[in-house]
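Q: Taken from TrEMBL, the feature NAD(+) binding site applies to A35, E54, R55, G62, H155, V156, D157, M226. Marked as Fe cation binding site by TrEMBL: D157, H172. The glycine binding site feature in TrEMBL is assigned to R236.
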Amino acid sequence: MLDEKIITKAIIESYTQNLLDYIDMDVAIVGAGPAGLTCAYYLAKEGVKVGIFERKLSIGGGIWGGGAMFNEIVLQEEALPIVQEMEVSYKPYKEKGYYVINAVEFACALGLKAIRAGAKIFNLWSAIDVKVKGEDERVNGLVLLWTPVDTAGLHVDPITVEAKYVVDGTGHDAEIANVVVKKLKKKLATPTGDVAGERPMWAEFGEKATEEFTGEVYPGLFVIGMAAVACYGKHRMGPIFGGMLLSGKKAAKMILECLK
């Protein structure tokens, strides 16, 4: 016979233990979009302790809707090795160098791969601030609040988690980088020292910039995906996702070097 109390107890005990285990970690990623999930996968498979904090109920960022709710996305040749490693099915388009993927399969596969590699995903948590330490005020963690509490504007204090490195995978708004600029009054490693904001769509240059400008913009803080594009004032690219995967993989490689 099933007992509702036992079901409730199992959920609370299991979740609480997971959260306790990730109060201190190697890498905290904000945003479970394509770049964040890819970064988490490549870090976790190397034994790095990675937590992903996603403010929404679902993971996947902008993947699900494809282009204008046509739930197919496009990738270019350079990203195919990552797609193959993630075991996502794809088909070549009639124009050479373009590949089409079902958006729903893509989002699900990235999440499953990241989790099975060892990453832990905490959805419905909003990163509302960063934690800093030392004379240089290096970023070393996140300030977290349950998304419904944040959305409702309730006067509830947040909690903190600590990480050796924080990754801003929050997309177009580059939320964590903006916190550093606005609250810490610090300069980023960008030409302006600020979050420049993304420029209008230009897929070719946007995709190149997404990978090229992935990196550490402030001590302890990396930017990936659209957050990198926004920080450096580069072009958006629309529903082509190869740059996101390449950005996540590049960030993971850079962080692995830093952790040595």
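Note: Cβ is positioned from N, Cα and C throughout, glycine not excepted.
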Q: Please report the three-state DSSP label of M226 (NAD(+) binding site).
A: helix
Q: Should E54 (NAD(+) binding site) be counted as helix, strand, or coil on the basis of DSSP?
A: strand
Q: Measure from the CA atom of H172 (Fe cation binding site) to the CA atom of G62 (NAD(+) binding site) and give the result in Å, rounded to a whole number.
A: 10
Q: Cα of R236 (glycine binding site) to Cα of M226 (NAD(+) binding site): how many Å, rounded?
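A: That separation, Cα to Cα, works out to 8 Å.
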Q: For the binding-site residues listed here (A35, V156, M226), tell me which residue's CB has the most neighbouring CB atoms inside 10 Å.
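A: Result of the Cβ crowding comparison: A35.
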Q: Find the one among the binding-site residues A35, E54, V156, D157, M226 whose C-alpha lies closest to that of H172 (Fe cation binding site).
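A: Ranked by Cα distance from H172 (Fe cation binding site), first place goes to M226.
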Q: In sequence order, which same-chain residues at least six apart have a C-beta under 8 angstroms from E54 (NAD(+) binding site)?
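A: Listed in sequence order, they are G31, A32, I121, F122, N123, L124, W125.
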Q: So among the binding-site residues R55, H155, H172, R236, who's got the most Cβ atoms within 10 Å?
A: R55
